[in-house]
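Features of the protein shown, as given by TrEMBL:
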type     : residues : note
TRANSMEM : 21-39    : transmembrane segment
DOMAIN   : 22-71    : domain 'Cation efflux protein transmembrane'
TRANSMEM : 59-75    : transmembrane segment
DOMAIN   : 79-198   : domain 'Cation efflux protein transmembrane'
TRANSMEM : 87-106   : transmembrane segment
TRANSMEM : 112-132  : transmembrane segment
TRANSMEM : 152-169  : transmembrane segment
TRANSMEM : 175-193  : transmembrane segment
Amino acid sequence: MACSSCSAPNPKSPAPGFRKALWIALWVNLAMFLVEGIASLQSGSVSLMADAIDFFGDSANYVLSLTVLSMGMLWRGRAALVKGITMAVFGVIVLARAIWVLQSGITPEPLTMGVVGLMALVANVVVALILFRYRDGDSDMRSVWLCSRNDAIGNVAVMVAALGVFGTGTAWPDLAVATIMGGLAITAGVSVVRHARKDIEGAKQASVSSASPEVR
Ligand SMILES: [Zn+2]
């Protein structure tokens with residue numbers, strides 16, 4: 001679902017294979033972002049589009065984790081800022097699309113929704129199992145668990161919406177789920193932006209004080 005709880009684990013002493021695991025996680029998430037995005041356009045399902053935002057956000061997290069060694073705090077903050085803004089913009093696009101679908105009276109195709117929702121769930125469970133080996137300490141374990149749980153809730157919500165569309169022959173279960181998830185994506189995006197701005201500010205101050213250590 002909304003990715004505020006999602007961040008890739010960053011073990012203090014990365015085990016061999018951790019980078020490879022991050023790469024696998026990145027490709028799976030990018031692929032599912034595209035699959036859900038295309039499926040949402042083809043099926044007319046807005047909740048699939050909303051679920052795709054999470055795969056985008058998680059892909060960005062894995063890019064950030066993979067570049068953690070080569071990038072300074074300032075650039076990490078800037079990258080997170082771009083990620084947060086993009087997530088919020090995607091959320092707004094989802095809400096706009098929901099309004100457009102509502103007015104055009106399109107009923108989404110429930111079979112595609114159900115199948116792609118299930119694929120997304122499988123992808124998230126596989127990535128969680130791959131990364132779980134590399135968790136570092138209780139808080140990291142908790143964040144992997146929370147993230148996976150929230151992602152799974154989003155995937156299941158899409159499948160429930162598919163059942164609802166199938167049962168009612170209307171778009172409203174899809175639009176209801178899409179509106180909630182789009183709203184959550186905006187909230188998550190805004191909170192990512194807030195954190196990123198704090199990090200950027202902190203990094204700038206740290207670089208100022210390290211440039212002139214005599215000034216206290
Ligand atoms: Zn996520």
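Along the chain as shown, residues are numbered 1 onward.
Every residue gets a Cβ built from N, Cα and C, even glycine.
Residues 1-2, 45, 47-48, 50-51, 54, 107-108, 110-111, 113-114, 116-118, 120-121, 124-125, 176-178, 180-181 of the same chain sit 6 or more residues outside the transmembrane segment (152-169) yet have a Cβ under 8 Å from a Cβ within it. Where the transmembrane segment (175-193) meets the stretches 21-39, 87-106, 112-132, the count of C-beta pairs under 8 angstroms peaks at 87-106. Non-local neighbours of the transmembrane segment (87-106) in the same chain are 3, 44, 46, 49-50, 52-53, 56-57, 171, 174-175, 178-179, 181-186, 188-190, 192-193; each lies 6+ residues outside the stretch with a CB under 8 Å from one of its CB atoms.
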